[in-house]
């Protein structure tokens, strides 16, 4: 989230699209009801289903899943056509004025540089014209035909309301009503917020779904302001934290990158990470990359990371592919190329697409280790449960080691919420049986492996033998020790670079925040963006002062938010070119002639002059990007592509199937279904009574929503002879499930390009373990293909067939 | 004191006929014999209160956990109730249907208590000691790493990649656990390392 | 401590506290002729349920289960979101879901109403109850069941215009929402109101709740709900659980919420079984017969009991009123 949950109360228009906040985030949704009750805010819901969020919305518009880009490009076009643009913001705070290279273009649904065999683009033409001074060329009048604004105008011109209706199935009048309500927020004193979640990410064009709304929010002037922003609601309690700490194949902590093998050494790695400003005087904060990287290496390997060995650059693994994401590793597993796998609090049998492939792949492992507070379907994947898990146990040669862990109530530490608040919690209960904390388990695995390497030697033991592990009790590092290591400390005494007589930090002391990091090995920090979380002032994540001066919703003294306790990202954009708030009633920070101050930590150097330094300090341009340059694999502008399984062909370019650069494995292509065989558009989602596959273990939640079901319209039920509460079979090219039928008015057929598209809704919370009735969930059916940029599977749009049936047989 | 009367026995008594009916013969005794009006004793009295964060979604609601016993004093503590923290700026004491039932997640009948091992091809888990389980894991890891670790690619560039073992991390563990996990996994050279954010 | 809590938004005490609700605060007591007038009048409280803010998340159900330590069984899906399927001795409150197409706009509205005890100012359950002290009403408006005094006759079910109490199949006693009387007694609001994520359920003095309702109704009217209003039905003397409805002109669209609830005339005129004079005139059997025959409310008493009751009332002399007629082991 750019903003905080508590900030949503400041909004005038809440748009829930690509999410279902009332259902999946009820207590965060409270702030929507606050905005409605106290500001007179309006709520719009755009969704294939009339959801619980829609039940309290002021306006609901249906949309076919997987067509959000067409809808939002249509809204951008509407805003441009009707002069509903926050012009001063758009001109000064986006790259609308930047001139794009002549080579760049878009034709027949593809951008320049497409290579069909590689399913990839040569993106070299997707960039700005750079002037002789080394800076990007701009035309602040927006008259230049090759400026981003004019290219954007042309790009969205095909998304007329009629085209939106054809693609999305949203009736034209409903689309126009939504567009009109959104466009009103181009006023500097009207702010719209976007609340989205997996309804946007879980598509082969997921990243671009989100980007399209971000672009709309920029031209409406709604980023960086109170009650605005792009707010990813996020799923798990610490999914934000695990992303920040970098537990993803391609990341180091703090959004640094794991090197690729093309980055043969540290100088090469750093050569593309200079982040020179693209406009004069811009901050381009990533210029500090080396400080963050070196400090991380020092946290990992301490004294073994030296300037001489490039701070142990070679200790890091180097990637030969963009990422060993979960789809790739299961593809490799299926090919017999993986021997062992760890699932720490994760249940891939139910959570990953194409369950048949997942189970087959796990069956090819030599060993599987699960660490979980609960019995999971993954740790029991080899167990036969009749129709619910129809496996041949004896033939599965995988050894499974199931380790019992503690749960939240029995452990201490911090969790990062979607608003980037890092909150500390304390243990309250004793663990059951012999359950152990994950820190202890990870410590044990590490110490035992290190001991084996010490005794026996083996393959490149250095990174293991030299891993910094100097905890008071090495058997189990404490949360406090780890938090301090994440924050970072001075290894040697730090003096002021401009005045060496001034001592900034004594050796061994904790750093105040990441501004003190150095690239010479004199500082360490496990995750630079978290620096400041636990410094010499103490544990800032445990702060509990809930005062909120002038009720802005900032709560600056409640816990700690990254970065630097900043609550609203890009908050400098809440003020105009002179540093005065666009909306004085919703000031965040203000320029007083010499410095920035206000209710939040300024997202700019406190003395940076408003006319000189742009608000988007992480970008080399200092402004935000309507044109993404080469940073997105599938295009610098978002274009509509159908899901890989679609009920109607791509209206704009019928020959293109799915996202043209999304990675597909050959074996999976064979398992994509088509509309003739699988005519219904399915989607998967959460219900408010349950959390993923956890709460089915809880008898209370199991009682509130006991049994797996699918939702269909009354029209489809009638057509197929399906009765309310009766059993149905739903199948895709990849699998078949049985469920109870909820026949509802909340799902209606959508008219798309002259064809009635029926939606089948499949909630995800059931399996064969736990207190609730046994069931299947959607992922026996979902396709094994991910988003073109980050490989998040396309869970939200796929094809199925459906028929009445009898109850499953299971044990 | 306790009027153990069911509808049936009540009606049986009633069947005695109108004329002879008295309260006494109905079994009530005198009215004063009935239990005095009372409300249930407040069940959180003398419990230990601990502040924590809901483990489910990333709204991160503040919660109060009530227990008999205090783990921070080294005592065994049994969690008896959980409700929202009214001091928390985001949830203001509220909780969703999952959060409001956290106590029964903590005490779920399917919570794991002991390390278990399912041997290849068998149809059951067998209990193991922690030492057995952890030594086995360390051995399996080391043997596989030594056999399959890619120190250099074909061009002789150090790549230090271990691709035959993968690690899927949790997304409800703390940042501190995540960081400890990161250190252990990355230092071993594991590249197939993801968390729930990927999906 | 204030005599009655003003809000549910507070954290509970953990130090031992005296209960602030007791015998001395009763204004009504079932089957009890003379109740001394309480020495003090507690400030009347109310729970206000704003149906227009409710997202149907069932947090109220969850919080209710956890606070009251009930154990609803895991049922099955019968094609609807309402789960469990009905109120029970293990489920004191229930979200009832109705898909309603507004004939004026042709728009679908998903009406979600939290069902449960309304805590009537004029409680039909209490008036129908023949067991002394099994149902009581406190001066703050809470109508509570004292289970030890309950005989499981089910007359409270019949006396209730909202069809709320349920008889436990295991201990044969009547159960319903207590308005968390144990929480209110120590200055806390009900568990459901504290949990409610959107604060569609709020709690406080009845006066404050009515004021809050006015604000909500004004907001709804500004959004086009011309008939938005407060449901505080006069037929039962008003209630201590009230609704804000977007369509207050037709409460019945919200899962059969009675348009004009009132206590059956039979119960009203009957004055309760143990008004001794009345008892002598009518006779219990007769009273039972009338209640059973005339109150057309759904009956949650088991068939077996019904059969027994029919037999008894049709042939009073058939049963020996022996001394063992009320032995505990006869409980079913």
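Easy rule for this one: first residue shown is 1, then count along the chain.
Keep in mind that glycine also has a Cβ here, set from the backbone N, Cα and C atoms.
TrEMBL: automatically predicted annotations, no manual curation.
What TrEMBL annotates here:
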type	residues	note
REGION	C:1-23	region 'Disordered'
DOMAIN	C:45-64	domain '4Fe-4S ferredoxin-type'
BINDING	C:54, C:57, C:60, C:196	[4Fe-4S] cluster 1 binding site
BINDING	C:64, C:177, C:180, C:192	[4Fe-4S] cluster 2 binding site
DOMAIN	C:108-140	domain '4Fe-4S ferredoxin-type'
BINDING	C:117, C:120, C:125, C:160	[4Fe-4S] cluster 3 binding site
BINDING	C:129, C:150, C:153, C:156	[4Fe-4S] cluster 4 binding site
DOMAIN	C:141-170	domain '4Fe-4S ferredoxin-type'
REGION	C:298-332	region 'Disordered'
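What TrEMBL annotates, mapped onto the structure for a quick look.
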residue: C:54; record: [4Fe-4S] cluster 1 binding site; Cβ within 10 Å: 27
residue: C:57; record: [4Fe-4S] cluster 1 binding site; Cβ within 10 Å: 31
residue: C:60; record: [4Fe-4S] cluster 1 binding site; Cβ within 10 Å: 30
residue: C:64; record: [4Fe-4S] cluster 2 binding site; Cβ within 10 Å: 27
residue: C:117; record: [4Fe-4S] cluster 3 binding site; Cβ within 10 Å: 27
residue: C:125; record: [4Fe-4S] cluster 3 binding site; Cβ within 10 Å: 28
residue: C:129; record: [4Fe-4S] cluster 4 binding site; Cβ within 10 Å: 31
residue: C:150; record: [4Fe-4S] cluster 4 binding site; Cβ within 10 Å: 28
residue: C:192; record: [4Fe-4S] cluster 2 binding site; Cβ within 10 Å: 27
residue: C:196; record: [4Fe-4S] cluster 1 binding site; Cβ within 10 Å: 34
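Closeness to chain B is evaluated for the binding-site residues C:54, C:156, C:177, C:196 by Cβ distance, with values under 8 Å counted; counted residues in sequence order are C:196.
Listed binding-site residues C:64, C:129, C:150, C:160, C:192 compared with chain A at a CB cut-off under 8 A give none as close ones. Across the region 'Disordered' (C:1-23), DSSP helix (H, G, I), strand (E, B) and coil residues number 1 helix, 0 strand, 22 coil.
When the binding-site residues C:54, C:57, C:60, C:117, C:150, C:160 are screened for a C-alpha within 10 angstroms of the C-alpha of residue C:192 ([4Fe-4S] cluster 2 binding site), the residues that qualify, in sequence order, are C:60. DSSP classifies residue C:160 ([4Fe-4S] cluster 3 binding site) as coil under the three-state reduction. Within the chain carrying the domain '4Fe-4S ferredoxin-type' (C:141-170), a Cβ under 8 angstroms from the stretch's Cβ atoms is held by residues 21, 30, 44-46, 86-89, 115-121, 123-135, 176-179, 181, 184, 206, 235-236, 240, 257-258, 261-264, 267, 291-292, 295, 297-302, 305, 331, all 6 or more beyond its ends. Taking only the Cα positions, the spacing between residue C:54 ([4Fe-4S] cluster 1 binding site) and residue C:150 ([4Fe-4S] cluster 4 binding site) is 34 angstrom. Using residue C:125 ([4Fe-4S] cluster 3 binding site) as the reference Cα, a 10 A cut-off selects C:156 from the binding-site residues C:64, C:153, C:156, C:177, C:180.
Counting only the Cα atoms, the space from residue C:153 ([4Fe-4S] cluster 4 binding site) to residue C:160 ([4Fe-4S] cluster 3 binding site) is about 13 angstrom. Here the candidates are the binding-site residues C:57, C:64, C:120, C:160, and by Cα distance the one nearest residue C:129 ([4Fe-4S] cluster 4 binding site) turns out to be C:160. According to its DSSP assignment, residue C:120 ([4Fe-4S] cluster 3 binding site) is in a strand. The helix, strand and coil residue counts that DSSP assigns across the domain '4Fe-4S ferredoxin-type' (C:45-64) are 6 helix, 6 strand, 8 coil. For residue C:180 ([4Fe-4S] cluster 2 binding site), the nearest neighbour among the binding-site residues C:57, C:117, C:156, judged by Cα separation, is C:117. In the predicted structure, the domain '4Fe-4S ferredoxin-type' (C:45-64) carries a mean pLDDT of 98. Taking Cβ-Cβ distances under 8 Å and a sequence gap of 6 or more within the same chain, the neighbours of residue C:177 ([4Fe-4S] cluster 2 binding site) are C:64, C:92, C:93, C:116, C:117, C:119, C:164, C:241. For the pair residue C:150 ([4Fe-4S] cluster 4 binding site) and residue C:60 ([4Fe-4S] cluster 1 binding site), the C-alpha distance works out to 26 angstrom. Within 8 A of the CB centroid of the [4Fe-4S] cluster 3 site residues C:117, C:120, C:125, C:160, the other residues of that chain are C:118, C:119, C:123, C:124, C:126, C:143, C:156, C:159, C:161, C:162, C:164, C:165, C:176, C:236. For the recorded site, residue C:192 ([4Fe-4S] cluster 2 binding site), the DSSP three-state label reads helix. Highlighted in sequence order, C:30, C:125, C:128, C:130, C:131, C:134, C:135, C:145, C:151, C:152, C:154, C:155, C:165, C:174 have their Cβ within 8 Å of the centre of the Cβ atoms of C:129, C:150, C:153, C:156, the residues recorded for [4Fe-4S] cluster 4, and are not part of that set.
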